[in-house]
Amino acid sequence: MPFVMAIDQGTTSSRAILFRSDISIAASAQQEFPQHFPASGWVEHEPEDIWATTIATCRAAMDKAGATAADIAAIGITNQRETVVVWDAVSGQAIHRAIVWQDRRTAEFCTRLKAEGLEPMVTAKTGLIIDPYFSGTKVAWLLDNVPGARARAERGELKFGTVDCYLLWRLTGGKVHATDATNASRTLLFNIHDGAWDDELLKLLGVPRSMLPEVKDSSAHFGDSVPELFGGSITIRGIAGDQQAATIGQACFTPGMIKSTYGTGCFALLNTGATPVKSNNKLLTTVAYQLGGKRTYALEGSIFVAGSAVQWLRDGLGVIKHASETGPLADKSDSAQSVYLVPAFVGMGAPYWNPRVRGALFGLTRNTGPAELAHAALESVCYQTFDLWAAMRADWPDADAATTVLRVDGGMTASDWTMQRLADLLDAPVDRPVIQETTALGAAYLAGLSAGVFPEPQKFADNWRLDHRFRPAMSAATRERKLAGWARAVRGLLATDEGE
């Protein structure tokens, strides 16, 4: 039975999972790597840490499964999106640490671009807004702030890529510089209607075309790994950004289906089919996947802080020692207290898009303690999801019929407390699948589809299995009171923004 290996390169760790041809998991491995915070609002990774942990986990997973390179039909790659690496075109040496998607150092630059009235043009082409979140302004920062970088780029000596592209380059020994349409669509440089890099956007941000990778289908032959990495060459046949990969892993192939992934951040995608839908509620229009040269689009809401709120409880406050303690602790909170955490640690994402505000707690009393803080942290994820859910229902014309169930995945979905509270606040069922490694599964599926190991999308969708459906159990009065309190807290935080 052949294996398909998924590389899942995330914000805080790298993972590798071997899937059998029946979509069951044979083995997995994971390694965390350091985060670097050189200034307020700045987040960086060492590219060598990304590479080293990726290769180490691939080898570890293969060892656990007793698999050789010959046993693996294909590799699929999924990755933290928007994070930028720029490297020397010959040596492969990065010119700077990777600038992570959470990084806000280009906020002032983005504000200037908006003030010049450029956002409508950018949004019309990319489906995105002008925000530090996306890759384009990060690349511009590197070219302008690393000594000699712009001159080298203009001479064709530098390459740019999101993390998938960087890993593909390294895996193929520098032979392949390519990405897929989902990752390209997150750069601010890619026209999602034409399916190509856009010269007007490249000129706007000062990015030479020679730096850019080829854009391919999400399921395609991207290249082959060099033999010395895994004891033999393995073909690489699938790439998708992490949230799009999770959409595929959740089998959201039908327009109107919606999934929400809970990792470091929270990201909800609504499949809108072959037509890109323009949001009137500050959601993003993005490429869900591209198969056979045909793009499928999605509306996306991006939240910057979800699981990282729990990390803050553990690492910042010392309230818990392990993430699994959060739900039971929250269950002990004083119901008479209404404590709200607005976790804008790096600004606010959809649907507010404010890079300047920072997190705040509201409703603290003398009796507020660890249980109330845990409660507020978990509920903040649910409230933020509600904001995305409401925006999607407003933007999607068939909302009443289509977006009635939310498929969830990611580490936080292991918390029954959080998932039940999510169903309560959405007033809608929340479905948790049997296979919760949906991001890796999506990458594996794309690779296995190209390699002929996995079936066509509809047959794959028929194999999706439900683990548990969380049904709303909160009274309408309680739900409305809690949502109103959240809205007041958000307004209170936004009122602290004095602009640039």
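The backbone N, Cα and C atoms fix where each Cβ goes, glycine too.
The secondary structure of Tyr133 (sn-glycerol 3-phosphate binding site), as reduced to three states from DSSP, is coil rather than helix or strand. The sn-glycerol 3-phosphate binding site annotation in Swiss-Prot covers Thr11, Arg81, Glu82, Tyr133, Asp242.
Under the DSSP three-state reduction, Gly411 (ADP binding site) is assigned to helix. All protein chains considered, the CB of Gly411 (ADP binding site) has 16 other CB atoms within 10 Å. The ADP binding site feature in Swiss-Prot is assigned to Thr11, Arg15, Thr264, Gly307, Gly411.
Per Swiss-Prot, ATP binding site is recorded for Thr11, Thr12, Ser13, Thr264, Gly307, Gln311, Gly411. The number of other CB atoms found within 10 A of the CB of Thr264 (ADP binding site), across every protein chain shown, is 25. For the recorded site, Thr264 (ADP binding site), the DSSP three-state label reads coil.
Sequence annotations record features per position, and here Swiss-Prot assigns glycerol binding site to Arg81, Glu82, Tyr133, Asp242, Gln243 based on sequence analysis. Glu82 (sn-glycerol 3-phosphate binding site) falls within neither a helix nor a strand when secondary structure is assigned with DSSP, and so counts as coil. A sphere of 10 angstroms centred on the C-beta of Glu82 (sn-glycerol 3-phosphate binding site) encloses 26 other C-beta atoms.
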Give the helix, strand or coil assignment DSSP yields for Thr12 (ATP binding site).
coil
Does anything in the same chain, at least 6 positions from Asp242 (sn-glycerol 3-phosphate binding site), have a Cβ under 8 Å from its Cβ, and if so what?
Asp8, Gly10, Thr78, Asn79, Gln80, Arg81, Thr261, Gly263, Phe267, Thr439
Using Cβ atoms only, which residues of the same chain lie under 8 Å from Tyr133 (sn-glycerol 3-phosphate binding site) while being at least 6 residues apart in sequence?
Glu82, Trp101, Gln102, Ser302, Phe304, Gly349
Candidates Thr11, Thr12, Gln311: member of the binding-site residues with the richest Cβ shell (10 Å):
Thr11
Distance from Ser13 (ATP binding site) back to Thr264 (ADP binding site), taken between C-alpha atoms, in Å:
11
Least surrounded among the binding-site residues, given as Ser13, Gln243, when other CB atoms within 10 Å are counted:
Ser13
